[in-house]
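According to Swiss-Prot, the protein carries these features:
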BINDING   Cys145, Cys148, Cys202, Cys205  Zn(2+) 1 binding site
BINDING   Cys162, Cys165, Cys188, Cys191  Zn(2+) 2 binding site
DOMAIN    4-68  domain 'J'
REPEAT    145-152  repeat 'CXXCXGXG motif'
REPEAT    162-169  repeat 'CXXCXGXG motif'
REPEAT    188-195  repeat 'CXXCXGXG motif'
REPEAT    202-209  repeat 'CXXCXGXG motif'
ZN_FING   132-214  zinc finger
Amino acid sequence: MARDYYEILGVSRSADKEELKRAYRRLARKYHPDVNKEPGSEERFKEINRAYEILSDPEMKARFDRFGEAGVSGGAASGFSTDFSDSFADIFESFFSGFGGAGTQGRRRTGPVRGDDLRLDLNLEFIEAIFGGDKELTIKHLETCGTCNGSGAKPGTKPQTCSTCGGTGQVRRATRTPFSSFTQVSVCPSCNGSGQIIEEKCVDCGGRGQKEATKKIKITIPGGVDNGTRLRVSNEGDAGRMGGPPGDLYVFLSVKNHPEFQRDGINIISQIKISYLQAILGCCLEINTVDGKTELTIPSGTQPNAILTLEDKGVPRLGNSVSRGAHLITIEIDIPTKITPEEKELLEKLAKIKGERTGKGGIEGFLGSWFQQK
């Protein structure tokens with residue numbers, strides 16, 4: 001089954017380089033085999049690496065966008081041909097050992113940390129997606145604890161610098177072999193990499209500095225959204241740590257089907273059925289549109305499956321609500337299987353006027369095979 005690398009990373013096809021990197025970092029932390037021991041986490045981790053490997057390379061990304069997985073199946077190995085150094089430095093520093101002299105050895109882990117982004121899936125009614133509007137959402141996210149202001153320490157106290165690691169969040173162990181020596185770096189077991197020790201924890205948050213909260217927010221859905229549209233709500237993700245900024249909330253939209261209308265880009269599509277007499281003579285009918293009832297003129301001589309167009313009755317163009325698509329109506333012509341004697345008599349007269357042959361079975365010309373007397 002073909003894989004969608006955008007879906008694996010949980011981003012849209014319009015995601016920029018920074019969005020891809022943030023999504024990759026978040027997922028890599030979550031599914032790294034040294035952290036996540038659940039079955040399937042290692043395969044998921046490999047999938048995430050592969051997706052970022054392709055989408056972070058402009059050439060490979062362009063090939064994937066055009067041809068799908070087939071366009072990149074031979075273009076990169078399953079290793080890391082793309083430069084992951086920046087991402088790995090942040091993500092894996094606490095998982096892998098490093099050698100003496102490496103640039104990450106003295107890095108402190110106690111600086112501000114941005115909060116995680118959150119995802120919310122929202123299912124819209126067909127008409128809501130076309131015209132947009134305000135929606136009230138209930139979200140759950142982490143907020144900075146108001147009692148300790150995010151420090152995790154009991155009010156009146158403050159975190160202390162970890163004496164084991166000196167506040168770096170890392171410990172080093174020198175190892176000698178018959179051939180060389182190197183320094184192994186790992187997460188400080190005393191402070192778990194934070195560089196700080198909380199001796200008296202805040203009773204409200206248990207020392208975490210954050211509390212889960214339920215919140216109602218109002219967002220505006222722009223007109224013209226469709227399945228897969230992603231809306232970003234700034235600063236409504238999880239709160240940051242150690243004074244870091246909050247993450248963002250991403251709302252992924254899906255649209256319910258409509259019993260009468262279909263959508264093709266910015267055009268609305270529907271079907272109506274008319275009688276053969278209406279098709280021949282023409283008529284004016286009231287039909288449904290997304291704007292409500294409107295009149296549609298059926299020209300005389302309309303053929304089966306003809307498409308009539310109502311301009312500016314379609315979907316507003318996303319980002320430019322003044323510009324709208326069209327409503328395309330496919331005409332289906334209802335041919336009766338039985339007719340009354342009076343109808344038959346009139347049709348036979350019409351057939352004679354048109355020069356059609358009639359016989360024992362009725363009209364033998366164009367209309368003959370369509371009708372039977374009741």
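Cβ coordinates come from backbone N, Cα and C, glycine included.
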Using DSSP, what is the helix/strand/coil residue split across the zinc finger (132-214)?
0 helix, 37 strand, 46 coil
Any contact between the repeat 'CXXCXGXG motif' (162-169) and the repeat 'CXXCXGXG motif' (145-152), i.e. 3 or more CB pairs below 8 Å with pairs at least 6 residues apart?
no
Rounded inter-Cα distance in Å - Cys191 (Zn(2+) 2 binding site), Cys202 (Zn(2+) 1 binding site):
16
Sequence gap of 6 or more, Cβ distance under 8 Å: name the residues on the same chain that satisfy this around Cys165 (Zn(2+) 2 binding site), in order along the sequence.
Val171, Cys188, Ser190, Cys191, Gly195
Can you count the other CB atoms that lie within 10 A of the CB of Cys162 (Zn(2+) 2 binding site)?
21
If you count other Cβ atoms within 10 Å of each one's Cβ, which of the binding-site residues Cys148, Cys188, Cys202, Cys205 has the most?
Cys148
Enter the number of other CB atoms within 10 angstroms of the CB of Cys191 (Zn(2+) 2 binding site).
25
Same-chain residues at least 6 apart in sequence whose Cβ lies under 8 Å from Cys145 (Zn(2+) 1 binding site):
Gly152, Cys202, Asp204, Cys205, Arg208, Gly209, Gln210, Lys211
Between Cys148 (Zn(2+) 1 binding site) and Cys162 (Zn(2+) 2 binding site): CA-CA distance (Å):
19
